[in-house]
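Swiss-Prot has this to say about the protein:
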BINDING   347, 407, 410  [4Fe-4S] cluster binding site
């Protein structure tokens with residue numbers, strides 16, 4: 001059993017009581033809601049005559065269903081418009097702050113909360129979205145929850161949860177040029193598997209994570225769920241504090257000093273006990289690309305698609321399914337795989353630092369003929385900042401489309417979708433069958449820089465060669 005970890009300290013600080021079931025009734029400090037998983041939850045409240053208990057601890061935005069080309073209302077998709085109107089009404093009726101389109105604050109829920117300073121160390125955070133683990137980058141314990149749990153948090157500001165075990169994942173060393181946080185997390189998921197973290201919270205530690213910016217740390221924690229972990233976190237440090245200071249909802253004055261003192265106290269103790277510890281070396285990580293239908297089916301860009309005999313027996317059935325669906329051959333190099341669509345964005349890689357890095361490689365080049373490439377900022381604030389820096393012009397001159405903020409092609413809930421059996425090079429987080437809108441569409445996950453390299457060459461390419 002873990003002891004003295006940040007997870008234990010934050011969990012204990014938010015424990016209301018131990019329930020007869022053995023679960024913990026856990027107080028939730030921040031509840032983030034969006035248009036997809038909240039309408040039914042609000043409907044259940046109305047059926048019971050209940051109101052939102054703590055509207056000041058609840059923040060709403062719209063992200064999943066919003067079009068990124070034409071955002072004029074009403075939306076062309078009547079179901080999307082219906083969800084939008086429902087969220088607007090539910091937020092207004094319950095006194096919830098709503099970051100609506102055009103407010104300057106709208107965007108993907110896991111992008112706007114950190115950039116506004118809503119996400120802070122030591123918090124418990126819940127959202128009806130799988131990638132809520134993103135907020136763990138700040139030293140928060142953040143869970144994705146289902147619609148019935150969204151209802152519970154709205155009504156009681158608590159959740160009934162079983163306490164998780166804690167696994168420390170340590171990565172040490174300096175990442176080579178062309179290797180990014182996205183490659184680190186894809187490498188970890190490849191090694192530990194998509195179910196390896198079931199029942200665990202992951203603590204990411206070591207010199208590699210310590211050297212990362214907050215936005216890079218968010219990329220890592222965002223995909224903790226893809227490795228089976230319920231949440232993932234990084235201990236807060238000066239990088240965290242520097243990022244938060246001065247943001248809209250960050251403490252100020254004496255309250256800031258008190259907050260930092262507490263944030264430092266919740267760091268995992270030097271002698272903390274973990275349920276498991278796994279260590280990786282940064283030098284073993286290269287630009288990584290997924291070849292299959294789970295985020296765990298990834299390989300270095302210099303490798304070949306694994307042959308069945310090289311895989312553990314337990315992985316062979318899903319590998320066979322992946323070969324057939326992806327129309328890729330075992331033993332073939334992943335490098336050179338043709339791509340049709342290139343997407344940069346999502347709650348994994350749609351922040352300003354992601355766009356800066358992508359623009360660096362796009363500048364002076366052009367998207368290959370026949371390839372559709374587009375960039376979707378993670379929030380309105382990211383879009384404004386990118387345009388102030390001229391990044392939009394770099395992308396457009398290179399042949400990329402420049403869009404409005406939203407989830408876009410990460411998932412098939414808005415107009416940005418693959419067609420037929422197109423292959424996409426995507427900076428998003430999931431490569432499941434049909435994830436990007438076509439039942440036969442295929443997704444290759446990679447870093448934004450690698451997406452640019454693929455767009456320029458029309459095929460999976462090694463971004464390190466683009467540098468040279």
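Quick reminder: no glycine exception, Cβ is built from N, Cα and C everywhere.
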Set of same-chain residues at least 6 away whose C-beta sits under 8 angstroms from residue 347 ([4Fe-4S] cluster binding site): 108, 109, 110, 111, 131, 134, 222, 378, 407, 410, 429
For residue 347 ([4Fe-4S] cluster binding site): DSSP state (helix, strand, coil): helix
Check: same-chain CB within 8 A of [4Fe-4S] cluster site center, minus 347, 407, 410: 63, 64, 108, 110, 131, 345, 346, 348, 350, 378, 406, 408, 411, 428, 429
Residue 410 ([4Fe-4S] cluster binding site) - helix vs strand vs coil (DSSP): helix
Cβ-Cβ neighbours of residue 410 ([4Fe-4S] cluster binding site) (radius 10 Å): 29
Number of Cβ atoms other than its own within 10 Å, given for residue 407 ([4Fe-4S] cluster binding site): 30
